[in-house]
Amino acid sequence: MRGGTVQINWHDTKPVLACDFHPISALLATAGADYDIKLWATVSSIDQKKVPGVTYQSNLSYHSSAVNALRFSPSGEQLASGADGGELIIWKLHITDAGEVWKVHKSLVFHRKDVLDLQWSADGAYLLSGSVDNSCIIWDANKGSVYQILDAHFHYVQGVAWDPLGKYAASFSSDRTCRIYNNKPSKAKGIEKSNYVCQHVISKAESPVADDSKSARSHLFLDETLPSFFRRLAWSPDGSFLLVPAGSHKSTPTSEPVNTAYVFSRKDLSRPALMLPGASKPVVAVRFCPVKFKLLGTYTSSLFKLPYRLIFAVATLNSLYVYDTESIQPIVVVAGVHYAAITDIAWSPAGNYLVLSSQDGYCTLLEFENEELGSPISLPEKKQVTSDENKTPVVEAKVEDSTSASVDRIKEKDENSLKEKDDSDGKQASISTATPQTKAPKRRITPMAID
(Lines of atoms letter the chains of each structure in order from A and count residues from 1; the text may use other names and numbers.)
(Lines give C-alpha, C1' and ligand atoms only; values in the text may rest on other atoms or scores of the structure.)
Protein backbone atom coordinates (compact mmCIF):
# COMPACT_ATOMS: atom_id res chain seq x y z
CA MET A 1 0.00 0.00 0.00
CA ARG A 2 1.17 3.50 -0.86
CA GLY A 3 -0.43 6.82 -0.14
CA GLY A 4 -0.38 10.25 1.39
CA THR A 5 -1.86 13.70 1.18
CA VAL A 6 -1.83 14.88 -2.44
CA GLN A 7 -0.26 18.34 -2.56
CA ILE A 8 -2.34 20.05 -5.23
CA ASN A 9 -4.83 22.90 -5.26
CA TRP A 10 -8.01 20.85 -5.04
CA HIS A 11 -10.60 23.60 -4.57
CA ASP A 12 -8.77 26.92 -4.46
CA THR A 13 -7.53 26.12 -0.91
CA LYS A 14 -11.16 25.96 0.29
CA PRO A 15 -12.47 22.96 2.28
CA VAL A 16 -13.10 19.74 0.34
CA LEU A 17 -16.49 18.59 1.60
CA ALA A 18 -17.30 15.43 -0.36
CA CYS A 19 -15.79 12.86 -2.71
CA ASP A 20 -16.95 9.90 -4.77
CA PHE A 21 -15.67 7.53 -7.47
CA HIS A 22 -17.47 6.85 -10.73
CA PRO A 23 -18.71 3.23 -10.47
CA ILE A 24 -17.32 2.24 -13.90
CA SER A 25 -14.54 4.57 -15.04
CA ALA A 26 -13.15 5.21 -11.52
CA LEU A 27 -13.13 8.94 -12.22
CA LEU A 28 -12.84 10.79 -8.90
CA ALA A 29 -15.24 13.64 -8.17
CA THR A 30 -14.66 16.14 -5.37
CA ALA A 31 -16.88 18.93 -4.11
CA GLY A 32 -15.79 22.00 -2.20
CA ALA A 33 -16.57 25.27 -0.53
CA ASP A 34 -15.50 27.07 -3.74
CA TYR A 35 -18.96 26.14 -5.15
CA ASP A 36 -17.47 23.77 -7.76
CA ILE A 37 -17.29 20.07 -8.53
CA LYS A 38 -14.01 18.83 -9.98
CA LEU A 39 -13.27 15.57 -11.78
CA TRP A 40 -9.89 13.83 -11.51
CA ALA A 41 -8.19 10.76 -12.95
CA THR A 42 -6.08 8.73 -10.54
CA VAL A 43 -2.40 8.19 -11.33
CA SER A 44 -0.97 4.88 -10.11
CA SER A 45 2.30 4.77 -8.20
CA ILE A 46 2.88 1.03 -8.05
CA ASP A 47 5.38 0.91 -10.93
CA GLN A 48 7.10 4.19 -10.11
CA LYS A 49 7.27 3.41 -6.39
CA LYS A 50 5.99 6.88 -5.59
CA VAL A 51 2.92 8.29 -3.84
CA PRO A 52 -0.26 7.96 -5.99
CA GLY A 53 -1.69 11.15 -7.44
CA VAL A 54 -4.45 12.61 -9.58
CA THR A 55 -4.66 14.64 -12.78
CA TYR A 56 -7.32 17.31 -13.34
CA GLN A 57 -9.98 16.44 -15.93
CA SER A 58 -12.82 18.95 -15.82
CA ASN A 59 -14.85 21.35 -13.72
CA LEU A 60 -18.61 21.38 -13.12
CA SER A 61 -19.77 24.89 -12.24
CA TYR A 62 -23.40 25.65 -11.51
CA HIS A 63 -23.92 25.82 -7.76
CA SER A 64 -24.01 29.24 -6.11
CA SER A 65 -22.86 28.00 -2.69
CA ALA A 66 -20.65 25.40 -1.02
CA VAL A 67 -21.24 21.84 -2.30
CA ASN A 68 -21.60 19.49 0.69
CA ALA A 69 -22.43 16.15 -0.91
CA LEU A 70 -22.14 14.35 -4.23
CA ARG A 71 -22.79 10.77 -5.34
CA PHE A 72 -22.70 9.02 -8.72
CA SER A 73 -25.72 6.94 -9.68
CA PRO A 74 -25.18 3.14 -9.77
CA SER A 75 -25.08 3.17 -13.58
CA GLY A 76 -22.62 6.05 -13.65
CA GLU A 77 -24.81 8.00 -16.06
CA GLN A 78 -25.82 10.62 -13.50
CA LEU A 79 -24.24 12.56 -10.64
CA ALA A 80 -26.21 14.18 -7.81
CA SER A 81 -24.82 17.12 -5.85
CA GLY A 82 -26.27 18.96 -2.86
CA ALA A 83 -25.24 22.38 -1.60
CA ASP A 84 -25.99 25.12 0.89
CA GLY A 85 -29.34 26.84 0.59
CA GLY A 86 -31.10 23.64 -0.44
CA GLU A 87 -29.59 23.44 -3.94
CA LEU A 88 -29.82 19.91 -5.34
CA ILE A 89 -28.68 19.16 -8.89
CA ILE A 90 -28.66 16.02 -11.05
CA TRP A 91 -25.95 16.06 -13.71
CA LYS A 92 -26.09 13.76 -16.74
CA LEU A 93 -23.24 12.32 -18.75
CA HIS A 94 -23.25 13.10 -22.48
CA ILE A 95 -20.94 11.41 -24.98
CA THR A 96 -19.81 13.85 -27.70
CA ASP A 97 -17.16 13.86 -30.42
CA ALA A 98 -14.96 15.85 -28.06
CA GLY A 99 -15.36 13.28 -25.30
CA GLU A 100 -17.48 12.96 -22.17
CA VAL A 101 -19.34 16.04 -20.95
CA TRP A 102 -21.41 16.42 -17.77
CA LYS A 103 -24.39 18.78 -18.08
CA VAL A 104 -27.09 19.91 -15.66
CA HIS A 105 -30.02 17.55 -16.16
CA LYS A 106 -32.48 18.48 -13.39
CA SER A 107 -32.70 20.92 -10.52
CA LEU A 108 -34.57 19.44 -7.55
CA VAL A 109 -36.29 22.18 -5.59
CA PHE A 110 -37.89 21.69 -2.19
CA HIS A 111 -35.28 21.72 0.59
CA ARG A 112 -35.29 25.10 2.32
CA LYS A 113 -31.80 24.83 3.80
CA ASP A 114 -28.40 23.18 3.24
CA VAL A 115 -28.31 19.66 1.79
CA LEU A 116 -25.75 17.61 3.77
CA ASP A 117 -25.92 14.08 2.37
CA LEU A 118 -27.20 12.10 -0.64
CA GLN A 119 -27.74 8.47 -1.59
CA TRP A 120 -29.10 6.80 -4.75
CA SER A 121 -31.40 3.80 -4.67
CA ALA A 122 -29.85 0.59 -6.03
CA ASP A 123 -31.76 0.88 -9.30
CA GLY A 124 -30.92 4.58 -9.73
CA ALA A 125 -34.58 5.53 -9.99
CA TYR A 126 -34.73 7.43 -6.69
CA LEU A 127 -32.53 9.74 -4.68
CA LEU A 128 -32.52 10.24 -0.92
CA SER A 129 -31.33 13.56 0.55
CA GLY A 130 -30.85 14.90 4.08
CA SER A 131 -30.92 18.57 5.01
CA VAL A 132 -30.44 21.21 7.69
CA ASP A 133 -34.22 21.78 7.43
CA ASN A 134 -34.57 18.59 9.55
CA SER A 135 -36.05 16.55 6.72
CA CYS A 136 -35.22 13.73 4.35
CA ILE A 137 -36.71 13.68 0.89
CA ILE A 138 -37.08 10.75 -1.48
CA TRP A 139 -36.93 12.11 -5.05
CA ASP A 140 -38.14 10.55 -8.28
CA ALA A 141 -34.92 11.02 -10.23
CA ASN A 142 -36.57 10.50 -13.62
CA LYS A 143 -39.28 13.10 -13.05
CA GLY A 144 -37.20 15.40 -10.86
CA SER A 145 -40.05 15.62 -8.37
CA VAL A 146 -40.62 14.90 -4.68
CA TYR A 147 -41.75 11.31 -4.13
CA GLN A 148 -41.97 11.22 -0.32
CA ILE A 149 -41.00 13.51 2.57
CA LEU A 150 -39.65 12.06 5.83
CA ASP A 151 -39.73 14.91 8.34
CA ALA A 152 -39.78 13.36 11.82
CA HIS A 153 -36.28 14.48 12.91
CA PHE A 154 -35.94 17.42 15.32
CA HIS A 155 -32.53 18.64 14.17
CA TYR A 156 -30.21 18.58 11.15
CA VAL A 157 -30.20 15.39 9.07
CA GLN A 158 -26.49 14.80 8.52
CA GLY A 159 -26.45 11.36 6.95
CA VAL A 160 -28.67 9.12 4.81
CA ALA A 161 -28.24 5.56 3.52
CA TRP A 162 -30.27 3.28 1.29
CA ASP A 163 -30.37 -0.48 1.71
CA PRO A 164 -28.91 -2.03 -1.50
CA LEU A 165 -31.69 -4.65 -1.35
CA GLY A 166 -34.37 -1.96 -1.50
CA LYS A 167 -36.23 -2.78 1.70
CA TYR A 168 -34.86 -0.18 4.13
CA ALA A 169 -33.64 3.40 4.22
CA ALA A 170 -31.87 5.11 7.12
CA SER A 171 -31.40 8.69 8.25
CA PHE A 172 -29.10 10.06 10.94
CA SER A 173 -29.57 13.38 12.70
CA SER A 174 -27.86 15.58 15.26
CA ASP A 175 -30.99 15.09 17.38
CA ARG A 176 -29.10 11.93 18.48
CA THR A 177 -31.39 9.52 16.65
CA CYS A 178 -30.97 7.15 13.73
CA ARG A 179 -34.26 6.31 12.02
CA ILE A 180 -34.83 3.12 10.04
CA TYR A 181 -37.58 3.20 7.43
CA ASN A 182 -39.23 0.08 6.06
CA ASN A 183 -40.64 0.02 2.55
CA LYS A 184 -44.30 -0.99 2.87
CA PRO A 185 -45.76 -0.57 -0.62
CA SER A 186 -49.27 0.79 -0.94
CA LYS A 187 -51.73 0.19 -3.75
CA ALA A 188 -53.72 2.91 -5.45
CA LYS A 189 -55.87 2.22 -8.52
CA GLY A 190 -54.21 -1.16 -8.85
CA ILE A 191 -50.71 0.33 -8.96
CA GLU A 192 -48.23 -0.55 -6.23
CA LYS A 193 -46.09 2.33 -4.98
CA SER A 194 -43.20 2.36 -2.56
CA ASN A 195 -43.99 3.86 0.81
CA TYR A 196 -41.29 4.19 3.47
CA VAL A 197 -42.57 4.03 7.05
CA CYS A 198 -40.42 4.63 10.13
CA GLN A 199 -39.91 1.25 11.82
CA HIS A 200 -37.22 2.05 14.42
CA VAL A 201 -36.09 5.21 16.18
CA ILE A 202 -32.67 4.33 17.62
CA SER A 203 -31.61 6.69 20.37
CA LYS A 204 -30.78 5.09 23.73
CA ALA A 205 -29.63 1.77 25.13
CA GLU A 206 -29.85 0.08 28.50
CA SER A 207 -26.71 0.30 30.64
CA PRO A 208 -26.23 -2.22 33.45
CA VAL A 209 -25.84 -1.01 37.02
CA ALA A 210 -24.63 -2.71 40.20
CA ASP A 211 -28.14 -3.58 41.25
CA ASP A 212 -29.40 -6.09 38.68
CA SER A 213 -32.97 -5.00 39.30
CA LYS A 214 -32.24 -1.58 37.84
CA SER A 215 -30.93 -0.24 34.58
CA ALA A 216 -30.21 3.17 33.14
CA ARG A 217 -30.71 4.38 29.60
CA SER A 218 -27.86 6.26 27.94
CA HIS A 219 -27.62 7.96 24.57
CA LEU A 220 -26.02 5.93 21.79
CA PHE A 221 -24.97 8.94 19.72
CA LEU A 222 -23.22 12.27 20.15
CA ASP A 223 -25.28 15.46 20.29
CA GLU A 224 -25.21 18.57 18.10
CA THR A 225 -21.91 19.72 19.61
CA LEU A 226 -20.08 17.20 17.37
CA PRO A 227 -17.67 19.47 15.42
CA SER A 228 -18.75 18.17 12.01
CA PHE A 229 -21.73 18.69 9.74
CA PHE A 230 -21.52 15.11 8.56
CA ARG A 231 -22.59 11.77 10.05
CA ARG A 232 -22.23 9.64 6.96
CA LEU A 233 -23.57 6.15 7.63
CA ALA A 234 -23.48 3.20 5.20
CA TRP A 235 -25.01 -0.17 4.40
CA SER A 236 -22.75 -3.08 3.53
CA PRO A 237 -22.82 -3.90 -0.21
CA ASP A 238 -24.74 -7.14 0.50
CA GLY A 239 -27.23 -5.37 2.78
CA SER A 240 -26.38 -7.64 5.72
CA PHE A 241 -25.60 -4.85 8.16
CA LEU A 242 -25.65 -1.09 8.70
CA LEU A 243 -22.65 0.82 10.03
CA VAL A 244 -23.39 4.03 11.94
CA PRO A 245 -20.82 6.68 13.02
CA ALA A 246 -20.89 9.32 15.79
CA GLY A 247 -21.41 6.68 18.48
CA SER A 248 -20.88 7.27 22.18
CA HIS A 249 -20.85 4.17 24.38
CA LYS A 250 -20.94 3.96 28.17
CA SER A 251 -20.31 0.53 29.69
CA THR A 252 -21.85 1.74 32.97
CA PRO A 253 -23.86 4.87 33.82
CA THR A 254 -20.86 6.36 35.67
CA SER A 255 -18.12 5.47 33.18
CA GLU A 256 -16.63 7.90 30.68
CA PRO A 257 -18.17 7.65 27.19
CA VAL A 258 -16.08 6.06 24.43
CA ASN A 259 -16.18 7.19 20.80
CA THR A 260 -17.35 4.38 18.57
CA ALA A 261 -19.12 3.23 15.43
CA TYR A 262 -22.05 0.84 15.81
CA VAL A 263 -22.87 -2.20 13.68
CA PHE A 264 -26.57 -3.04 13.24
CA SER A 265 -27.52 -6.49 12.00
CA ARG A 266 -30.20 -6.79 9.34
CA LYS A 267 -31.88 -9.39 11.56
CA ASP A 268 -32.52 -6.79 14.26
CA LEU A 269 -32.18 -3.12 13.33
CA SER A 270 -33.66 -1.94 16.61
CA ARG A 271 -30.40 -2.14 18.56
CA PRO A 272 -26.66 -2.31 17.78
CA ALA A 273 -25.10 -5.76 17.62
CA LEU A 274 -21.44 -4.68 17.75
CA MET A 275 -19.37 -1.64 18.57
CA LEU A 276 -15.91 -0.53 17.43
CA PRO A 277 -14.39 1.36 20.37
CA GLY A 278 -10.98 2.94 20.68
CA ALA A 279 -11.00 6.15 18.66
CA SER A 280 -9.85 9.21 20.58
CA LYS A 281 -11.96 11.47 18.31
CA PRO A 282 -15.59 11.10 17.19
CA VAL A 283 -16.33 8.98 14.11
CA VAL A 284 -17.83 11.15 11.34
CA ALA A 285 -18.02 8.88 8.27
CA VAL A 286 -17.97 5.21 7.27
CA ARG A 287 -17.78 3.65 3.80
CA PHE A 288 -17.67 0.10 2.46
CA CYS A 289 -15.38 -1.18 -0.26
CA PRO A 290 -17.76 -2.31 -3.05
CA VAL A 291 -15.77 -5.54 -3.60
CA LYS A 292 -16.26 -8.85 -1.79
CA PHE A 293 -13.14 -10.87 -0.99
CA LYS A 294 -12.46 -14.54 -0.36
CA LEU A 295 -12.03 -15.62 3.24
CA LEU A 296 -8.44 -15.87 4.41
CA GLY A 297 -9.25 -18.62 6.90
CA THR A 298 -6.50 -17.50 9.29
CA TYR A 299 -8.74 -16.05 11.99
CA THR A 300 -11.17 -17.96 14.17
CA SER A 301 -12.42 -15.21 16.50
CA SER A 302 -14.29 -12.98 14.07
CA LEU A 303 -17.60 -11.58 15.31
CA PHE A 304 -18.86 -11.25 11.72
CA LYS A 305 -20.23 -14.54 10.40
CA LEU A 306 -20.13 -14.15 6.63
CA PRO A 307 -19.04 -16.53 3.83
CA TYR A 308 -16.76 -13.81 2.43
CA ARG A 309 -14.76 -10.80 3.61
CA LEU A 310 -16.09 -7.26 3.44
CA ILE A 311 -13.77 -4.30 3.96
CA PHE A 312 -14.84 -0.94 5.33
CA ALA A 313 -13.26 2.36 6.31
CA VAL A 314 -14.06 4.30 9.48
CA ALA A 315 -13.01 7.97 9.64
CA THR A 316 -12.76 10.01 12.82
CA LEU A 317 -12.19 13.75 12.82
CA ASN A 318 -8.45 13.20 12.35
CA SER A 319 -7.74 9.55 11.55
CA LEU A 320 -8.76 6.58 9.43
CA TYR A 321 -9.18 2.89 10.31
CA VAL A 322 -9.72 0.18 7.70
CA TYR A 323 -11.30 -3.08 8.90
CA ASP A 324 -12.28 -6.36 7.36
CA THR A 325 -15.03 -8.61 8.67
CA GLU A 326 -12.80 -11.63 9.25
CA SER A 327 -10.19 -10.24 11.62
CA ILE A 328 -10.59 -8.45 14.94
CA GLN A 329 -8.17 -5.58 14.42
CA PRO A 330 -7.90 -2.85 11.78
CA ILE A 331 -5.78 -3.80 8.79
CA VAL A 332 -4.78 -0.17 8.10
CA VAL A 333 -4.44 2.80 10.43
CA VAL A 334 -3.79 6.32 9.10
CA ALA A 335 -3.38 9.24 11.50
CA GLY A 336 -2.21 12.84 11.49
CA VAL A 337 -2.56 13.46 7.76
CA HIS A 338 -4.79 16.55 7.94
CA TYR A 339 -4.85 19.84 9.83
CA ALA A 340 -8.68 19.97 9.95
CA ALA A 341 -11.60 17.55 10.18
CA ILE A 342 -12.07 14.71 7.69
CA THR A 343 -15.33 15.13 5.77
CA ASP A 344 -15.86 12.10 3.51
CA ILE A 345 -14.49 8.73 2.31
CA ALA A 346 -14.72 7.00 -1.08
CA TRP A 347 -13.59 3.65 -2.52
CA SER A 348 -12.85 3.09 -6.20
CA PRO A 349 -15.03 0.43 -7.87
CA ALA A 350 -12.17 -2.10 -7.96
CA GLY A 351 -11.22 -1.36 -4.35
CA ASN A 352 -7.65 -0.39 -5.26
CA TYR A 353 -8.02 3.28 -4.23
CA LEU A 354 -9.34 4.86 -1.05
CA VAL A 355 -9.64 8.63 -0.74
CA LEU A 356 -10.58 10.83 2.19
CA SER A 357 -11.35 14.56 1.99
CA SER A 358 -10.78 17.23 4.62
CA GLN A 359 -11.77 20.72 5.60
CA ASP A 360 -8.11 21.73 5.35
CA GLY A 361 -8.53 21.80 1.55
CA TYR A 362 -6.63 18.59 0.79
CA CYS A 363 -7.38 14.93 0.08
CA THR A 364 -5.41 11.84 1.04
CA LEU A 365 -5.18 9.04 -1.52
CA LEU A 366 -4.26 5.44 -0.66
CA GLU A 367 -3.46 2.86 -3.33
CA PHE A 368 -3.51 -0.89 -2.72
CA GLU A 369 -1.48 -3.22 -4.88
CA ASN A 370 -3.02 -6.10 -6.80
CA GLU A 371 -4.82 -8.43 -4.36
CA GLU A 372 -3.17 -6.69 -1.41
CA LEU A 373 -6.57 -6.60 0.28
CA GLY A 374 -7.38 -10.13 -0.81
CA SER A 375 -8.79 -12.12 -3.72
CA PRO A 376 -11.99 -10.57 -5.09
CA ILE A 377 -15.07 -12.66 -5.74
CA SER A 378 -17.96 -11.69 -7.98
CA LEU A 379 -21.00 -10.06 -6.42
CA PRO A 380 -24.31 -11.82 -7.00
CA GLU A 381 -27.03 -9.79 -8.63
CA LYS A 382 -28.89 -7.64 -6.10
CA LYS A 383 -32.48 -8.71 -5.51
CA GLN A 384 -35.34 -6.91 -3.89
CA VAL A 385 -36.10 -8.31 -0.45
CA THR A 386 -39.53 -9.88 -0.09
CA SER A 387 -40.31 -11.57 3.18
CA ASP A 388 -37.62 -13.98 4.36
CA GLU A 389 -34.92 -11.80 5.90
CA ASN A 390 -33.25 -14.73 7.59
CA LYS A 391 -31.78 -15.93 4.29
CA THR A 392 -29.58 -12.84 4.05
CA PRO A 393 -26.04 -13.18 5.48
CA VAL A 394 -25.95 -11.13 8.64
CA VAL A 395 -23.76 -10.23 11.56
CA GLU A 396 -24.08 -12.72 14.37
CA ALA A 397 -23.07 -11.14 17.64
CA LYS A 398 -21.40 -13.35 20.20
CA VAL A 399 -23.10 -12.72 23.50
CA GLU A 400 -20.68 -11.48 26.14
CA ASP A 401 -21.11 -10.18 29.65
CA SER A 402 -20.46 -6.45 29.41
CA THR A 403 -18.86 -6.47 32.85
CA SER A 404 -16.19 -8.91 31.65
CA ALA A 405 -15.13 -6.74 28.71
CA SER A 406 -14.44 -3.29 30.04
CA VAL A 407 -14.60 -0.63 27.37
CA ASP A 408 -12.58 1.65 29.63
CA ARG A 409 -9.68 -0.82 29.68
CA ILE A 410 -9.84 -1.18 25.92
CA LYS A 411 -9.84 2.58 25.52
CA GLU A 412 -6.76 2.99 27.70
CA LYS A 413 -4.96 0.22 25.85
CA ASP A 414 -5.83 1.59 22.41
CA GLU A 415 -4.86 5.16 23.26
CA ASN A 416 -1.41 3.92 24.29
CA SER A 417 -0.93 1.82 21.15
CA LEU A 418 -2.67 4.10 18.63
CA LYS A 419 -1.78 7.60 19.78
CA GLU A 420 -2.97 9.79 16.95
CA LYS A 421 -0.44 12.10 15.42
CA ASP A 422 -1.07 15.83 15.09
CA ASP A 423 2.34 17.36 14.36
CA SER A 424 2.76 20.91 13.15
CA ASP A 425 4.30 19.57 9.93
CA GLY A 426 1.32 17.22 9.64
CA LYS A 427 1.04 16.59 5.91
CA GLN A 428 3.16 13.41 6.24
CA ALA A 429 1.01 10.30 6.69
CA SER A 430 1.48 7.95 9.59
CA ILE A 431 0.34 4.67 8.05
CA SER A 432 0.51 1.18 9.47
CA THR A 433 -0.75 -2.06 8.03
CA ALA A 434 -1.45 -5.51 9.41
CA THR A 435 -0.79 -8.54 7.21
CA PRO A 436 -2.49 -11.93 7.61
CA GLN A 437 -0.75 -14.30 10.03
CA THR A 438 -1.26 -17.91 11.03
CA LYS A 439 -2.25 -16.82 14.50
CA ALA A 440 -4.18 -13.70 15.44
CA PRO A 441 -1.88 -10.74 16.17
CA LYS A 442 -2.16 -8.53 19.22
CA ARG A 443 -5.49 -6.72 19.34
CA ARG A 444 -5.53 -2.98 18.85
CA ILE A 445 -9.18 -2.10 18.38
CA THR A 446 -11.58 -4.87 19.29
CA PRO A 447 -15.18 -5.14 18.07
CA MET A 448 -17.39 -5.94 21.05
CA ALA A 449 -20.75 -7.66 21.11
CA ILE A 450 -23.35 -5.57 22.87
CA ASP A 451 -25.29 -7.80 25.21
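Using N, Cα and C of the backbone, Cβ positions are placed for all residues, glycine too.
Annotated compositional bias 'Basic and acidic residues' per TrEMBL: 380-401 (among others), in sequence order.
Per TrEMBL, the feature compositional bias 'Basic and acidic residues' maps to 408-426 (among others).
Annotation comment: TrEMBL describes 427-438 as compositional bias 'Polar residues'.
Mean predicted confidence for the domain 'CAF1B/HIR1 beta-propeller' (3-373): the pLDDT average there is 93. Annotated domain 'CAF1B/HIR1 beta-propeller' per TrEMBL: 3-373, in sequence order.
For 379-451, the entry in TrEMBL reads region 'Disordered'.
What TrEMBL lists as repeat 'WD' is 60-93 (among others). Tertiary neighbourhood of the repeat 'WD' (60-93): same-chain residues 14-15, 17-25, 29, 31-39, 100-120, 122-124, 127, 129, 131, 133, 139, 141, 144, 229-230, selected by CB-CB distance under 8 Å and a gap of 6+ residues from either end.
Summarising the annotation, TrEMBL assigns repeat 'WD' to 108-149 (among others). Long-range contacts of the repeat 'WD' (108-149) within the same chain: residues 68-75, 77-78, 80-90, 155-166, 169, 171-173, 175, 194-196, 229-230, 232, 382, each at least 6 residues beyond the stretch ends and with a Cβ under 8 Å from a Cβ of the stretch.
In terms of DSSP secondary structure, the repeat 'WD' (150-182) contains 0 helix, 18 strand, 15 coil. The repeat 'WD' feature in TrEMBL is assigned to 150-182 (among others).
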